[in-house]
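S.K.: Dumping what TrEMBL says about this protein:
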- 127-608: domain 'Cas1p 10 TM acyl transferase' (DOMAIN)
- 147-165: transmembrane segment (TRANSMEM)
- 199-217: transmembrane segment (TRANSMEM)
- 229-249: transmembrane segment (TRANSMEM)
- 269-290: transmembrane segment (TRANSMEM)
- 320-340: transmembrane segment (TRANSMEM)
- 347-369: transmembrane segment (TRANSMEM)
- 381-400: transmembrane segment (TRANSMEM)
- 435-453: transmembrane segment (TRANSMEM)
- 473-491: transmembrane segment (TRANSMEM)
- 533-554: transmembrane segment (TRANSMEM)
- 566-585: transmembrane segment (TRANSMEM)
- 605-624: transmembrane segment (TRANSMEM)
Amino acid sequence: WSIKIHNGSNEALAQYKINITSIAPLLEKLAISSDVYWVLQDPVYEDMLSESRKMITNEKINAYNEAAVRILNSSSRNSKAKVKVFSVSKLIAQETIMKSADGLHLPESSRDTNAMILMNVYCNKIMKPIDGSCCQPQPPLTLIQKIAFCFFILSVIGYLIISLIHRNNYRKNKSCTDLESGEEKKPAISTPNVSTLEMLLHCFCKLGLIMTYFYLCDRANLFMKENKFYTHSSFFIPIAYILVLGVFYTENTKETKVLNREQTDEWKGWMQLVILIYHISGASTFLPVYMHIRVLVAAYLFQTGYGHFSYFWIKGDFGVYRVCQVLFRLNFLVVVLCIVMDRPYQFYYFVPLVTVWFMIIYATLAIWPQIVQKKANGNCLWHFGLLLKLICLLTCIYFLSYSQGAFEKIFSFWPLSKCFELNGNVYEWWFRWKLDRYVVFHGMLFAFIYLALQKRQMISEGKGDPLFSNRVSNVLLFISIVSFLTYSIWASSCKNKTECNELHPSVSVVQILAFILIRNIPGYVRSVYSSFFAWFGKISLELFICQYHIWLAADTKGILVLIPGYPMFNVLVSTFIFVCVAHEISQITNDLAQIVVPKDNSTLLKRLLCIAGFFSGLHFFSAMQDQSRH
């Protein structure tokens, strides 16, 4: 209007500058306690302007905008009370002005986009949505995060000092000079001894570098994130590709027992790869795929029931060492991520799930009377005693699954509430637990039946031999294939996720058992495995957890973008780094487990007291942090 009324005169521009200068202090005063935005004047489409508006040119508009920006952002003014320039409106107008009806007024779409961005600017820093980083300031480091980073830095310094001292001592002792001949004698084999402390610090150094990468990827807003868009090809083509690779790397197994170590690693490996593809492709929006993935998650828990029951039943080892080893290997990475990434324990829901189920299996078998295979072989009545224990377990599961109030009361007591609450309640934990509530019991029952049949030599596990007689094997194989396909047809015809989730806990075992029988009844199938899938199976837990921050990013809501503009190359690079990191973390966890969890009971007790002190300190700092926030 100023340009039009004064016909674009320079005097009007000079007066405009005077007016801006006079109101700038008032705007800056407002900016001390509020966000003040100066919206730039939008450009015009000069070719469409009417004769009465021809004096309004983009050159004149730019002159007015430059004057406002220069005066409002003057360096002589208070730096803490800056008026922000909402320059994005000008960029939007440049894209949409050609759709204007008169060359002056912008279309409605530009106003909607401006409003959306302005709301993002204001709301995102308050609501902090995890599925986006637009206009969201980087979250400040918490006290616990600062302590963690200081710990990792001190570990690096300590490791470098100890390593230099050891290397210097090694070099001094390496060469011994023969005083008579003057020749250098070389020891046959001489390697520097690595102390426990040095190994411990070395592990923490590597872990510190890895956690720094985690933080940069998913907390520092350094890398972009992009949304997931599901298409059938984005899910099924990678599945076909890894299937071909898996079949290509086929080898003979060391043993031909049902669910032997190579086979279970293979099973975990291909399931984990399918789950990863499911997550990165956003296939959860396609219900048939979702239902089949639910079976894969249930199969992991089935293996938990099968594996731990088999160990306790055969070994009869209910010692503290075994429990601590399992708990450490399951939870170490998640505890570190909770500290570094400032996330609650329940956020990584699968680890709490397998941890609780492990403790339930342990409690079921360890409480009096302790019934193990050696004892049961002497008297068959002990088998009925164990079945009675399993029936009691099933009854408790059934009761808790239909009593949400009782379940929430149990896990709302301190300190359990600290572990299982998410967003102030335990509903998410209740939902996750209920979804696969029976499958661990099914795994325990299957292990019991299989081991009983094996002990009585009712199954044949020789190389190339069918599991049962030819007739029985053929009948069971036919039933298994029909059951497997029937479940897939039912899952593919699901229309309502809630209704299908209600049926899932009871019927998922059908496809799991069908797969086990198909994989193990034919002797030639049982005698081979895919080393490709087995390799991934050995690091499946680390892959599942690491994907949250360094592959998917935005806490699994988006996809990490390391190389913008090249989506396929970006996925290849980020996947390579992701797999390498998961493998390295697996090695670190195994090394630390040997150091932190010793076999000697007295030493182990001291370590447990130290760990209890560590978590007490963690709780204390967390409480301090919560108080400072409030």
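Placed from the backbone N, Cα and C atoms, the Cβ positions cover glycine too.
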S.K.: Applying the under-8 angstroms CB criterion, which one of 147-165, 347-369, 566-585, 605-624 scores highest with the transmembrane segment (199-217)?
M.R.: 147-165
S.K.: Spell out yes or no: are there three or more C-beta pairs under 8 angstroms between the transmembrane segment (269-290) and the transmembrane segment (605-624), with each pair 6 or more apart in sequence?
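M.R.: Contact criterion not met.
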S.K.: In the predicted model, what is the mean pLDDT computed over the domain 'Cas1p 10 TM acyl transferase' (127-608)?
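M.R.: Looking only at the domain 'Cas1p 10 TM acyl transferase' (127-608), pLDDT averages out to 90.
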S.K.: Report, as numbers and ranges, which residues of the same chain sit near the transmembrane segment (320-340): CB under 8 Å and 6 or more residues beyond its ends.
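M.R.: For the transmembrane segment (320-340), the nonlocal Cβ contacts are 144-145, 148, 207, 211, 214-215, 308, 311, 347-348, 351, 354-355, 358, 362, 541-542, 545-546, 548-549, 585, 589-590, 592-593, 596-597, 599, 601, 604, 608, 618.
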S.K.: Other than its close neighbours in sequence, what residues sit by the transmembrane segment (533-554), given a CB gap under 8 Å and a spacing of at least six beyond its ends?
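M.R.: Long-range Cβ neighbours of the transmembrane segment (533-554): 130-133, 213-214, 217-218, 223, 225, 246, 249, 262, 264-273, 275-276, 279-280, 300, 330, 333-334, 337, 341, 347-348, 350-351, 560, 574-575, 577-579, 581-583, 585-586, 589.
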S.K.: What parts of the chain pack near the transmembrane segment (605-624), using Cβ distances under 8 Å and only residues at least 6 beyond its ends?
M.R.: 143-144, 147, 320, 324, 339, 415, 418, 596-598
